[in-house]
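*Asks:* What follows is a single structure, and I will ask about it in a moment.
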Amino acid sequence: MDQIQLVGEEDPVLERYFKGHKAAIASLDFSPNGKQLATASWDTFLMLWNFKPHARAYRYVGHKDVVTSVQFSPHGNLLASASRDRTVRLWIPDKRGKFSEFKAHTAPVRSVDFSADGQFLATASEDKSIKVWSMYRQRFLYSLYRHTHWVRCAKFSPDGRLIVSCSEDKTIKIWDTTNKQCVNNFSDSVGFANFVDFNPSGTCIASAGSDQTVKVWDVRVNKLLQHYQVHSGGVNCISFHPSGNYLITASSDGTLKILDLLEGRLIYTLQGHTGPVFTVSFSKGGELFASGGADTQVLLWKTNFDELPSKGLNKRNLKRLHFDSPPHLLDIYPRTPHPHEEKVETVETTETSGRTLPDKGEEACGYFLNPSLLSPECSPTTTKKKTEDMSDLPCESQRSIPHAVTDALEHIMEQLNVLTQISPQGLWRHLTDCEKEPCENLESSYDLLKENHVKNHLVSFSNIVLCVTFPVFIRHLFSLKAIALFTSCQI
């Protein structure tokens, strides 16, 4: 094993390594509780490793060809695997390792991915399709067809509304799980993506390119945000840290690299493997990450570099936010330059309508706005995080509304509270200070309503006030009292 040339208490540290597979490690995933690690290998086996000292590892036998992908369900009670034998298997992760088998595709299956609620499973195959399965009934639901070459990876968004897929046709596609249509398409003329995934908030995707690049896209505005060329070989896998602030990459050049997405720069290069690295993944809590590759070893690392909570990072960078800044990953631009191509990335729109406008009920939040300044209801993060993020909003000195306007609005509201508590006759007396003629019209209109017994208020009294007093209010627009009356008379 190569020596890892890292120093400092906040640097990643190799905790331990596992040996048991007889061929390259193709995929791995942590259990939700962080106590186990599942690995898939070219030797056709799955292995389940326990982190307790002297604990036994379990080997699951059943696939008849290379196992290409493995993932725990969100609750940890199932383990899904994909294989070149064209099947998908669901295992119970215990010492018995019972499984059920889906004859899923007509060609090798390249990836499996559970939705965040565990109700659905997405599979991607070399038959050019993505299939979605119901875990409750364990049956096939629907297929997604638009790729023209092998599909290498498919992942659900955190909210389950979208699926992102990448293919050897050099495109990355975004699918709407409601109408089963492709809603966005990112194309590349150089290479194809080996792996793609959403960031934890679901606002961005990152791709691992065969052309040695790592790209981060904003899926809300279809814009390339960051483009890294830090590897000397194809990038095979990526994994977002749960905070969304870091991205780790695995490459055929034999290295792992950790990118700081807030700063937009490379911060660590890890050289623990002796050959191409095919897979890497953070644990669900982010305190650990694991990697595997052609050397058949599974390396377990302690993160260390993210000791500062993500909430603290957001506070530290709050001063760099701007109301008029264009959308960006966490809306913080890279402070140090990183290599990127000069060519402009092309973004295509499919024939189906893309999400250029917010859906009904969403209003405008989440679109073309600064995500960190959204209200909690509009935030893509979970409900649990809403109360925690309130302290990250701009303080009083950072608000764009002057104090004078705030005071005036408060005074207007006080006047409105008074006006809404008085009778029509009382309102008549208030209006006598403005002008006599409108008030006489108001009195006659009120008497007319009273004589005709309009009890159901088909024509509201406040509408009449607005009609007969509008000219007066225009002339008194700059009077605070007139503003209050004018506001109180609107419906």
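The backbone N, Cα and C atoms fix where each Cβ goes, glycine too.
This is the feature table in TrEMBL:
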| type | residues | note |
| --- | --- | --- |
| REPEAT | 18-59 | repeat 'WD' |
| REPEAT | 60-91 | repeat 'WD' |
| REPEAT | 102-143 | repeat 'WD' |
| REPEAT | 144-185 | repeat 'WD' |
| REPEAT | 196-227 | repeat 'WD' |
| REPEAT | 228-269 | repeat 'WD' |
| REPEAT | 270-302 | repeat 'WD' |
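Show me how these features fit into the structure around them.
*Replies:* Nonlocal intrachain contacts for the repeat 'WD' (18-59), taken as residues 6+ away from its ends with a CB within less than 8 angstroms of a stretch CB, comprise 65-72, 74-76, 79, 81, 83, 91, 93-95, 97, 276, 278-285, 287-288, 290-298, 300.
Looking at the repeat 'WD' (60-91) alone, the prediction's average pLDDT is 97.
Residue counts for the repeat 'WD' (228-269) under DSSP, helix first, then strand, then coil, are 0 helix, 23 strand, 19 coil.
Within its own chain, the repeat 'WD' (270-302) has Cβ neighbours under 8 Å at 1-2, 4-6, 12-19, 21-30, 32-34, 37, 39, 41, 49, 51, 233, 236-243, 248-258, counting only residues six or more beyond its boundaries.
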*Asks:* The repeat 'WD' (102-143): which same-chain residues, six or more beyond its ends, come within Cβ distance under 8 Å?
*Replies:* 65-66, 68-75, 78, 80-90, 149-156, 158-160, 163, 165, 167, 175, 177, 180
*Asks:* Across the repeat 'WD' (144-185), what are the DSSP residue counts per state (helix, strand, coil)?
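*Replies:* Grouping H, G, I as helix and E, B as strand yields 0 helix, 25 strand, 17 coil.
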*Asks:* Summarise the repeat 'WD' (196-227) by DSSP state, stating how many residues are helix, strand and coil.
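*Replies:* Helix, strand and coil residues of the repeat 'WD' (196-227) number 0 helix, 19 strand, 13 coil.
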